Structure formats: C-alpha cells, structure tokens
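*Asks:* Provided herewith is a single structure, encoded as structure tokens, for subsequent inquiry.
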Amino acid sequence: MKALVKREAAKGIWLEEVPVPTPGPNEVLIKLEKTAICGTDLHIYLWDEWSQRTIKPGLTIGHEFVGRVAALGSAVTGYEIGQRVSAEGHIVCGHCRNCRGGRPHLCPNTVGIGVNVNGAFAEYMVMPASNLWPIPDQIPSELAAFFDPYGNAAHCALEFNVIGEDVLITGAGPIGIIAAGICKHIGARNVVVTDVNDFRLKLAADMGATRVVNVANQSLKDVMKELHMEGFDVGLEMSGNPRAFNDMLDCMYHGGKIAMLGIMPKGAGCDWDKIIFKGLTVQGIYGRKMYETWYKMTQLVLSGFPLGKVMTHQLPIDDFQKGFDLMEEGKAGKVVLSWN
C-alpha cells in the first residue's frame, strides 16, 4: 500500500510502498479516505529539533483522518465493515491511576499515532477499537478528517466558561482559528486573536473573531481601548511564543483564566508577578478529553458550527508535496489529502 514515510533523517517526506498492517484481536483495520496535515507533521517534515529527538526514521506519519472499517479483530464488537470512523490519536494504557479514574487524556503512558507508532498517512492503518469515533452521515469526510485538531481547539475553548466573556487567543494557526469560532458560537462577547500572519488572521476573522490584531504593527492595548475593555477574562494560548504569552499576562483581567495549548521553548520565562498578583489560573491543555470533547465537537458541527471555514485546500495524495509547501509558507488553513 502507499504511505507517507519519514524515510530519512533530513527535511522531507516520501511516498513509499509498505505492507498492509494486520489488526490484532482488539484492533480495527481502517481504509483511509481523507487525512489532514497537522503542525506536528510539518515539524516532522522540516526535521526540527523536536522531531530529531522524537521521531525514528521509517515511521509512517499522520494522525488526522477519516476512513471506513475494512476488517475487525477477533474480539471487536460494536462496529461494522464499511462504517465511517475517525479516532482518538492518543492510545492510552488503560491501567494507570488516571485511566482507571476516568481521566485517560492524562495517561502518562500515552502513545501517539504518527509520532510513536505508524500513523494515518497511508491507504490502511490499524487502531484499537476503543479509540474509534463513529462519524454521523451529516458530517462530510473532509471535515471529519481534521476532528483531531478541532478537538484540541474544543478542549481549550471549553475549559473555562466563556459565555458573555472577553477572550484573547494568541496564535492564529488552525487550532486558534477554530477556537475563535467556537468561542463566538457559544456566546463569548469579544474574541480577539493575535498573530503576525495576515492570511491566517483573515481566516480567524472569517470564523467570527471580533477583532484580529497583527502585533507586528498594531498594539493589543489600543484594541482593548477601542473595545472599552479593562482586561480579558479568558486567555487561550495557542502560539508557543513567550512574547505572546507575556502580552497575554499583561492584558488579563484580575482573576482571569488561561488555557495553554502552545508549547513554549525550554527555559522560556514569564512575568510571575502578573500571575500571582492578578490571581490568574493557568491550565495546561493536552489532546482531547476522552470522549467528552469528541461528543461536544460532533454536536457543535451538527448544530451549525461552520468548521469548514478553516479548510483552505483539498488535494489528491499524489500532490502531498504541494500541501507541505503551503503549510511551510503559512499560506493555508487546514490542508486535506484524499486517498480515494
């Protein structure tokens, strides 16, 4: 079968022939229909410092997907051949304190598909049946293909009550863009998104952000004055940029709450005085709650949330290089690849 493989310890990704995997007793074989390129895939493609210490060459990458059940392991029940599914890309142990306590998204033994084990950029893949998420007929496959990052955005946006609140989102990558839309969809008052990429800031505005701010040439505090704000009630940090995070701390209202998804560089500093004397709550966010986030994000789409606005490109798998080029240039929202 065809698969996108990190063949060499260098920049690039390679379309290769690899064996079709065989599902174990509790696994399902999935025939992939559509996959989407994540920022993680771009890191692996670029072969940056993180990927060099994390990824073993020879890995099939990818973790955003939708497909159909092609074969069932001998112990699998509850699914049918041909059923359309996506899946939670974090495979958890099931026996640690957090897994047994109903907090599997905090499993310390988590294994990520397309990072630690072979992933979804292939014609077929295997997944534990317990990780599958059935996709309702009303949801198009091109949207279901990126439910994984949509789930990151939903987990972050729903961590704190944003109804009637002023929300600051630092980072207009696809997850930040989707989070802006979710916050407006569920009733936030003002949603302000900051970045330095005008293309992606426009996508955030199209998704419903009240204001978008290119901080390279505009002051966030000036925008706050224009909106008659004293400070932000909720912050969603999506950029992994220390300067953006410190700007957020500076602009938070006393008692505000921050959900952090962006990964800061090691040793990055922050103004702890702002956190302490403003009484801020800072909550780390990783992945999706299993499977409450999946339920809520499915219902959001079924209730009219315009998730499709963040998708900018659909390409056949043979044009995968164009997709990675667009992502590297920052000239895309979500890029979806078709395996049909």
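Just so you know, glycine gets a Cβ as well, placed from its N, Cα and C.
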*Asks:* Just to be sure I read the record right: ASP195, ARG200, LEU261, GLY262, ILE263, ILE285, TYR286 are listed as binding NAD(+) in Swiss-Prot. Which of ILE175, ILE178, ILE182 is listed for the same site?
*Replies:* ILE175
*Asks:* Using a 10 Å radius around each Cβ and counting other Cβ atoms from all shown chains, which of the binding-site residues CYS96, CYS99, ILE175, ILE285 yields the largest count?
*Replies:* ILE175
*Asks:* Near ARG200 (NAD(+) binding site), which residues of its own chain have a C-beta under 8 A away, given they sit six or more steps off in sequence?
*Replies:* ALA172, GLY173, ILE177, GLY330, GLY333
*Asks:* Hey, what's the Cβ neighbour count for GLY262 (NAD(+) binding site) at 10 Å?
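*Replies:* Within a 10 Å radius of the Cβ of GLY262 (NAD(+) binding site) lie 20 other Cβ atoms.
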*Asks:* So which one is it: of the recorded positions HIS43, HIS63, which has the fewest other Cβ atoms within 10 Å?
*Replies:* HIS43
*Asks:* If you measure every Cα to Cα pair among ILE175, ASP195, ARG200, LEU261, GLY262, ILE263, ILE285, TYR286, the residues listed for NAD(+), what is the largest value in Å?
*Replies:* 23
*Asks:* What subset of the binding-site residues CYS38, CYS93, CYS99, CYS107 lies within 10 angstroms of LEU261 (NAD(+) binding site), using C-alpha positions?
*Replies:* none
*Asks:* Measure from the Cα of ILE175 (NAD(+) binding site) to the Cα of every one of the recorded positions HIS43, GLU64, CYS96, then give the nearest.
*Replies:* GLU64
